[in-house]
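Worksheet for the structure shown next.
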Amino acid sequence: MFRPLSPGRMIWPILAFCAAYALLGLFVTNSYHQLTLTLVPIWAIFGLSWNLLSGMTGLISFGHAAFFGLGAYTVALLFVKLGLTPWLGIPVAGLVGGLSGLLIGLPTFRLRGHYFALAMLAYPLALLNVFLWLGYQEVSLPLVRERGWAFMQFADHRVYIYLALALLLVTMVAMRLVERSRYGMALMAIKQNEAAAEALGIDSRRLKLLTITLSGALAGAIGGFHAVILLVVTPEAVFGMLISAQALTVAMFGGVGTVWGPVIGALVLIPLGETLHAQFGAVLPGIQGVVFGTAIIAVILLAPEGLYWKAHDLLRGRQAPQPEDAPAPRQPSPSGGPARVAPAEDAPLILRAEGISRAFGGVKAVRDVTFSVRQGEILGVIGPNGAGKTTLFNLLNGFVRPDAGRVLLNGQDVTNLPPNRLARLGVGRTFQVVRPFARMSVADNVMSGAQVHAGSIDEARELARGAMRRVGLETMADARAGTLSNLDLRLMELARALAGQPRLLLLDETFAGLGGAEVDQLLPVIRGIAAEGTTVVIIEHTLHAMVRLVDRFVVLDHGAVLAEGLPEEVTGNRAVIEAYLGSKWSAHAGA
Ligand SMILES: Nc1ncnc2c1ncn2[C@@H]1O[C@H](COP(=O)(O)OP(=O)(O)OP(=O)(O)O)[C@@H](O)[C@H]1O
């Protein structure tokens, strides 16, 4: 998705589509069909505004009608009360939509997943009632016969088609540019895994607020334009459930997360809904709601990702790659990776935790933990389930704030800094659960990790290439992430963290789910990362692998440090054997 694409290749298909649509508009003389041709770009733009927030960040909005309705009322009321032309009213509607997006985002981004979606549902419903109470049951835009142009009122309704199309063209090009920008990459990373995005240096809250502001502005502006087309604004028609559903449906039907999706959705569903409404609206009022409901069910059943992706997959299936097109398999790391020596005792400290503690309610997850990590070291953190290992990482990484104690990075106090700031200071992290963008190539997935230091897409691509080389994945750069084995997914996750050029890398259960042979392939890669100067702290359950990898262990038990030392010291420690390793290990070690 982020492969180099010339501006021409990005924009020509959009221009060709708009030219064909404009040509069609020339020949349509029936005013009802002209209205339908105007509504298609309007709903496509509304779908694109939904797609910007929900398709690109994964935060599902059931309440986009709030922005649309505010935009519609802004244009209508400015016209009626102040005589302001929609030429100016629509930009103001965009500002109102953007501001309301920001105001809605501030409290609502505290919620996640279903809770966010449900909270979004509440805003248009509340606004619907507010506008009813205010007495704006129906606001009609006055007809201005003389100087119609000045008030966006045209005798030839084709002008509306061309205005709507021009807005769509600008929106599509802008979205295409967003998709290919660092900002778009960051949104994708948030969609994939917000915590991981933060750990890669992305300030997710700031970006989400920016995105809901832009999305709201677009929805507000197009809501304002819609008011000009229909000339009447009522709360139900602009804040109603059907409006929010329409944004969601055109995007879902056409294809979420792509510029073409909402356009395809609008092209199919709007004429269908309008035609059915014209034919059967008198006997079957609300037929459009039935069409949109049916469309959602059909999409969920037949093409869960939308028509665009279904067609994309069918075409891809037909042009199955020839054997020579298939990515070369990854070359196993030769003989144990680059030579590495454990750092000297007096090597400078890169990280120091001093007496850090953290409780969750009555559970003391981490208790007064003190330890240090030397530059270039590989430190293993082990302990039984629930010992506090992940919480310790979360404290080091800024996801969780300590109740007491402090964290020093290169001697600097970084306690309480958020993950994205720590990432910028050189702390990288991988997560237990790998959630790649299955449709994207390995290279594109890795690029999302290059956010912190890349000033441009080209630079990000370069950093990604270097990171893939470090883990031995460069020959698989073009493979789709969805086709990777468990081991390659782990390597890709490592490469993504390395693309952020961390000086300290926290690895959370990197061996989880891997077989013995795969672990053997991964060990030299991690040794190589350390040999090239990146300090590694790793949490792991697979102790047999850890003793071959780490220079030193910290053993946690019930949140506290139980033991610390060289592998042979720790595995021979009676307290560690009793708390964690068990008699099997001592029998094995003794054998
Ligand atoms: N957000 C939280 N809210 C409440 N309790 C928590 C939270 N996070 C961790 N805990 C509790 O803190 C303790 C330590 O959990 P933690 O996940 O850090 O241990 P762990 O050593 O990583 O375990 P595992 O090896 O099973 O992943 C556990 O008792 C856990 O239930």
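Cβ coordinates are placed from backbone N, Cα and C, and glycine is handled just like the others.
Residues or ranges marked as domain 'ABC transporter' in TrEMBL: 351-583.
Annotated region 'Disordered' per TrEMBL: 319-342, in sequence order.
Non-local neighbours of the transmembrane segment (12-29) in the same chain are 37, 41, 158, 161-162, 165, 168-169, 172-173, 176, 259, 263; each lies 6+ residues outside the stretch with a CB under 8 Å from one of its CB atoms. Here TrEMBL flags 12-29 (among others) as transmembrane segment.
Here TrEMBL flags 35-53 (among others) as transmembrane segment. Within the chain, the transmembrane segment (35-53) has long-range Cβ neighbours (under 8 A, six or more residues past its boundaries) at 21, 24-25, 28, 59, 61, 64, 67-68, 157, 160-161, 164-165, 167-168, 171-172, 175, 178, 211-212, 214-216, 218-219, 222-223, 225-226, 229, 246-248, 250-251, 254, 256-259, 261-263, 265-267, 269-271, 274-275.
The annotation transmembrane segment is assigned in TrEMBL to 65-84 (among others).
Sequence-distant contacts of the transmembrane segment (90-109), counting only residues of its own chain at least 6 positions beyond either end whose CB sits under 8 Å from a CB of the stretch, comprise 59, 63, 66-68, 70-72, 74-75, 78, 84, 116, 119-120, 123, 205, 208-209, 212-221, 223-225, 228. Summarising the annotation, TrEMBL assigns transmembrane segment to 90-109 (among others).
Look at TrEMBL and you will find 116-136 (among others) tagged as transmembrane segment.
For 159-178 (among others), the entry in TrEMBL reads transmembrane segment. Sequence-distant contacts of the transmembrane segment (159-178) (same chain, six or more residues past either end, CB-CB distance under 8 Å): 10-11, 14-15, 18, 21-22, 25, 28, 34-35, 37-42, 44-45, 48, 51-52, 56, 152, 184, 187, 218, 221-222, 225, 229, 259, 263.
Only residues 6 or more beyond the boundaries of the transmembrane segment (209-233), in the same chain, are considered here, and those with a CB under 8 A from a CB of the stretch are 35, 38-39, 42, 45-46, 48-50, 52-53, 56-57, 61, 64, 66-76, 86, 89-102, 104-106, 109, 136, 138-141, 143, 152-153, 160, 163-164, 167, 171, 183, 187, 247. Among the features that TrEMBL reports, transmembrane segment is placed at 209-233 (among others).
Per TrEMBL, the feature transmembrane segment maps to 245-270 (among others). When Cβ-Cβ distances below 8 Å are used as the criterion, the transmembrane segment (245-270) is approached by residues 14, 17, 36, 39-41, 43-51, 54-56, 60-62, 64-65, 68, 168, 172, 175-176, 179, 191, 219, 289, 291-292, 295-296, 299, 305-309, 312 of the same chain, each at least six residues removed from its ends.
Under the heading transmembrane segment, TrEMBL lists 282-303 (among others).
Using the rule of three or more Cβ pairs under 8 Å, pairs at least 6 apart in sequence, the transmembrane segment (116-136) is in contact with the transmembrane segment (65-84). Outside the transmembrane segment (282-303) by six or more residues, the chain places 242, 245-246, 249, 252-253, 269, 272-274, 276, 309-310 with a CB less than 8 A from a CB of the stretch. Long-range contacts of the transmembrane segment (65-84) within the same chain, counting only residues at least 6 positions beyond its ends with a Cβ under 8 Å from a Cβ of the stretch, are 46, 49, 90, 92-94, 96-97, 100-101, 104, 120, 123-124, 127-128, 131, 136, 139-142, 151, 215-217, 219-228, 233, 235, 238-241, 243-244, 247.
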